[in-house]
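Asks: The structure that follows is given in the form of structure tokens.
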Amino acid sequence: MTLLNYLHCNRSKSFLFQRFYSPYRIAHKLFDGSSQRNATTSINHSISESLRRNSPARALSIFKENLQLGYFGRHMDEVTLCLALKACRGDLKRGCQIHGFSTTSGFTSFVCVSNAVMGMYRKAGRFDNALCIFENLVDPDVVSWNTILSGFDDNQIALNFVVRMKSAGVVFDAFTYSTALSFCVGSEGFLLGLQLQSTVVKTGLESDLVVGNSFITMYSRSGSFRGARRVFDEMSFKDMISWNSLLSGLSQEGTFGFEAVVIFRDMMREGVELDHVSFTSVITTCCHETDLKLARQIHGLCIKRGYESLLEVGNILMSRYSKCGVLEAVKSVFHQMSERNVVSWTTMISSNKDDAVSIFLNMRFDGVYPNEVTFVGLINAVKCNEQIKEGLKIHGLCIKTGFVSEPSVGNSFITLYAKFEALEDAKKAFEDITFREIISWNAMISGFAQNGFSHEALKMFLSAAAETMPNEYTFGSVLNAIAFAEDISVKQGQRCHAHLLKLGLNSCPVVSSALLDMYAKRGNIDESEKVFNEMSQKNQFVWTSIISAYSSHGDFETVMNLFHKMIKENVAPDLVTFLSVLTACNRKGMVDKGYEIFNMMIEVYNLEPSHEHYSCMVDMLGRAGRLKEAEELMSEVPGGPGESMLQSMLGSCRLHGNVKMGAKVAELAMEMKPELSGSYVQMYNIYAEKEEWDKAAEIRKAMRKKNVSKEAGFSWIDVGDTEGSLTMQGFSSGDKSHPKSDEIYRMVEIIGLEMNLEGKVAV
């Protein structure tokens, strides 16, 4: 008989029973509770250790095994469930199963379990489910709020939630501050960030490293270098993230290049460990600087520290060298990289346009799939008409891969086809774009305008204005089209002017210059001057536009005054400016002043004269009768004289009756462009004026033999006064194509007689 049975049987010995049995029962209960706690701790430790070793599958397996053994409730608790949910790592199916089990077993009443469930749904991409659970929590803690806050992907919604947290009296912790500050972008977000900074002291987190780093990032992203630096300097302890946050923010801003380099230097002096973020940030800074030497020094440091072959560092180095046009350095970095992605290959394609297609093929062979930026680089590599077939192949590949509907790709195709005058293909590319931005419309309008299709440009502008909001480049292109179109009424330009005034775009230099140029080319120089005077900021383009306007109107004195004022304002003239000034000198017959300006362009501003500059000088000398000097200057033109220069020289030979030189120049012009009538007509007139009729007849005979005919000259008249008037009526000498031509000729005769009676001279 056991002692226990004995004690039960012998009740008379109650003292012994109480003495021995009661302590045994208590000890058994204590032992059972202790072993249960130890078992729970052991299971939780096993799951936690698996997670620490990045083995979520093993963690879930341990949870499942113990669940099957029926240990839940005895050896597993709310901590076990939290760890199991953490192990799901976005596995929605298992997460939902554990969530269901937590609900049926009543463990969702523990706020930590609900937090874990919300975290699981957030990681699985089911943020709505997490939000629904949160809204039904009776007493959410700060972790609950933080879990939801970290799940937002919209800055404004996240900031509204932060305001809600403040209103609910939630005491922010370091995670709350760092997460909230990551959403503080833009002016509204920055203001909220400043408010949060004022509350940090109250929570005692002003010295927290994570919070300090978050404030540095917020200030840096908002472009407040002083604010970021102040937070940085006030931090009692700084880690590598602190330095990198300051450095990265400055490099992205782009206007604090020098400061970023100084901070990088200080990091090295302080012995702070540099990582790939440090190097990519400072190299990005070099992209904003013109000092290539600095970039090479940092590159050398990358090599010493073993970071050159890293993907992020290699890509940013390639980008830097590409922007500087150092192709060999781009290639060198590319070949040193141990890993390459689409950014690496795309940079190579964009940098090396001559071999862009072969690089693209190697990229595909390497198993890297292109993106829209890759195709934009490929399209831009098509440089001449002979390569247009390559462009068509690229277009076909874009159609197959679906990138043709991407706006950036479509816009590049529009620009490409417009450059090579393939406007039907440009229209097709435009129609293939699914969501047309204003850039797409601008590309089409500009393409039509540049190719002389002014009516189409105007119609495209009207369609764009009906569908989207035009910007300064839209107006710049359409005004350019109107400026050069003699058969479009100037009223259309005035309507565009009124439209852009309503949109507040009149202060944009691009728009003002286009307006100024349009009015000048259409004969309204007073309106051009008015636009110019109303501009608060005048850049090189604006000055050139007003000088060109007065030059086209033959106002030499005003041109020279504006030119000298431009220089006095420290605005450097460019080739177009000098061409306009030379044109004014030519029309005024100021040859010596023209020579002075021509030499200034070369010697003072180091500008290489173009064919147009030489042509203007040759014409200027020729008109002044200095034909020998003109001939000598013509022989100095790089690549030889062009057709327009020869025509100009031929006109001067006719003006001064130099038959011998005229014949020589005409022969060169006819060899260059045998199909054009200008040289034949000019030479015929030279012979006719000298009464050398036999030679004049030979010119006529040569024209008939080569089927060369003189092109008819056209004039235009604006007769429309209605709002819908888009065009002007064109006519040529002796033109009778109009159905009312007889009435028109009679009216012209009457007007001519009336002009004579008024003392006016008809021209």
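For all residues, glycine too, the Cβ spot is worked out from N, Cα and C.
Per Swiss-Prot, the feature region 'Type E motif' maps to 645-720. Per Swiss-Prot, the feature region 'Type E(+) motif' maps to 724-756. Sequence annotations record features per position, and here Swiss-Prot assigns repeat 'PPR 2' to 110-140. The repeat 'PPR 3' annotation in Swiss-Prot covers 141-172. What Swiss-Prot lists as repeat 'PPR 4' is 173-207. Annotation source Swiss-Prot lists repeat 'PPR 5' at 208-238. Feature annotation from Swiss-Prot assigns repeat 'PPR 6' to 239-274. Per Swiss-Prot, repeat 'PPR 7' is recorded for 275-309. Under the heading repeat 'PPR 8', Swiss-Prot lists 310-344. If you look up Swiss-Prot, you'll see 350-370 marked as repeat 'PPR 9'. Per Swiss-Prot, the feature repeat 'PPR 12' maps to 437-471. Among the features that Swiss-Prot reports, repeat 'PPR 14' is placed at 508-538. Residues or ranges marked as repeat 'PPR 15' by Swiss-Prot: 539-573. As annotated by Swiss-Prot, repeat 'PPR 17' applies to 610-640. Here Swiss-Prot flags 1-38 as transit peptide.
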Asks: Cβ under 8 Å to the repeat 'PPR 8' (310-344), counting only same-chain residues 6 or more beyond its ends: which ones?
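Replies: Apart from its flanks, the repeat 'PPR 8' (310-344) reaches 276, 279-280, 283-284, 286-287, 292, 295, 299, 302, 350-352, 363, 366, 368-371, 373-374.
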Asks: Same-chain Cβ contacts of the repeat 'PPR 3' (141-172) under 8 Å, 6 or more residues past its ends?
Replies: 111-112, 114-115, 118-119, 122, 127, 130-131, 134, 179-180, 183-186, 188-189, 192, 196, 199, 203, 205
Asks: Who are the chain neighbours of the repeat 'PPR 14' (508-538) in space, where the CB to CB distance is under 8 Å and they lie at least 6 residues beyond its ends?
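Replies: Counting only partners 6 or more residues beyond its ends, the repeat 'PPR 14' (508-538) has Cβ contacts under 8 Å with 472-473, 475-476, 479-480, 482-484, 490, 493, 497, 500, 545-546, 548-550, 552-553, 555, 569, 571.
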